[in-house]
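Colleague: Below, the features straight out of TrEMBL:
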type	residues	note
ACT_SITE	A:Y108	active site
ACT_SITE	A:D149	active site, proton donor/acceptor
ACT_SITE	A:H250	active site, proton acceptor
BINDING	A:N7, A:E34, A:D149, A:N151, A:D249, A:H250	Mg(2+) binding site
DOMAIN	A:4-250	domain 'Endonuclease/exonuclease/phosphatase'
SITE	A:N151	site 'Transition state stabilizer'
SITE	A:D220	site 'Important for catalytic activity'
SITE	A:H250	site 'Interaction with DNA substrate'
Amino acid sequence: MRVATWNINSLKARLDRLLAWLETAEPDVVCLQELKCADADVPIEAISAAGYDTASWGLGRWNGVAILSKVGIADVRRGISGQPAFGDETEPRAITATCGPVRVQSLYIPNGRDVADPHFPYKLAFLKALAADAAADAAGDLPFAAMGDFNICPTDDDVWDVDEWPGTTHVTKDERDALAAVQAAGLADVFPRPLKHAHPFTFWDYRNLDFPKNRGLRIDLALANPAFKAAVTDAYVDRNERKGKGASDHAPLVVDLDL
DNA sequence: ATGACGTTGCCTCAACGA
């Protein structure tokens, strides 16, 4: 089976491209982030017509996550245990479901904005809660993967140029340590192959010709438990989806499984 | 070709992204 994760930067604005990509890539399960719409505005009919069930958690113009599945959606859970709120709002940044033989989590980790911004400790707190929350699924026999936009470059190789990257967030030791703690719970990075160039970047800023110049980041990850990892036959970043008019600034990360 | 930022809300600009 084929499982993917994609930060689509607005479900409404990207719907036509999403539907076209579902038809060509034929994933069985897709984790989406940055829906930027409320649950009531999720176009479940169009997605259903493409053959997918939808589980979503969206509140409005910011954040929002979903899981699409051709193989059923069961045991849906919104959020994570101990999820920190920002201000008085618990933001829609995690949804988990069992889809056929796998359990997947669609994650949109807070950006952090700047190391001096309140969003930065919020990001670290979210990751700390995630590490604790993931331990049970990580240790289980059911293939499980926490997938999504982690907003962290795990290593300097995951940045197009760490010297030129205006590196406050995404590359700090605190963030990488917090990510390592999630992995230490029993989740391994499913490292994808790039379709072009040396590094499997998943994000390129819209500005400054970053995509044509391959000034990218690898911030979208699939962290898998041993049962999921053992079933992986291939993983790649579909950078072709970053091309053309109306693209998201992220490309899908696709994982193939012998399941 | 992949081309100089895009999306949303109530909006004519601000907030946000990474």
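Every residue, even glycine, has its Cβ placed from backbone N, Cα and C.
Could you place these features in context, so I can see how deep they sit and what lies close by?
Modeller: Cβ neighbour count for A:Y108 (active site): 25 (other Cβ atoms within 10 Å of its Cβ, all protein chains included). DSSP gives A:Y108 (active site) a strand state.
In the three-state DSSP assignment, the secondary structure recorded for A:D149 (active site, proton donor/acceptor) is strand. Residue environment of A:D149 (active site, proton donor/acceptor) contains 28 other Cβ atoms, counted within 10 Å of its Cβ in all protein chains.
Reduced to three states, the DSSP call for A:H250 (active site, proton acceptor) is strand. Applying an 8 A CB threshold to same-chain residues 6+ apart, the list for A:H250 (active site, proton acceptor) reads A:W6, A:N7, A:I8, A:N9, A:D149, A:T202, A:F203, A:D220, A:R242.
The local packing around A:N151 (Mg(2+) binding site), expressed as other Cβ atoms within 10 Å of its Cβ over all shown chains, amounts to 24.
A:D220 (site 'Important for catalytic activity') falls within a strand when secondary structure is assigned with DSSP.
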Colleague: Have a look at the recorded positions (A:E34, A:D220, A:D249) and report the one with the fewest Cβ neighbours inside 10 Å.
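Modeller: Lowest Cβ count within 10 Å among the recorded positions (A:E34, A:D220, A:D249) is A:D249.
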Colleague: Run through the Cβ atoms and count how many others sit within 10 Å of the one on A:N7 (Mg(2+) binding site).
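Modeller: If we count other Cβ atoms within 10 Å of A:N7 (Mg(2+) binding site), we arrive at 26.
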Colleague: Between the Cα atoms of A:Y108 (active site) and A:E34 (Mg(2+) binding site), what distance do you get, rounded to the nearest Å?
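Modeller: Cα-Cα, rounded: 7 Å.
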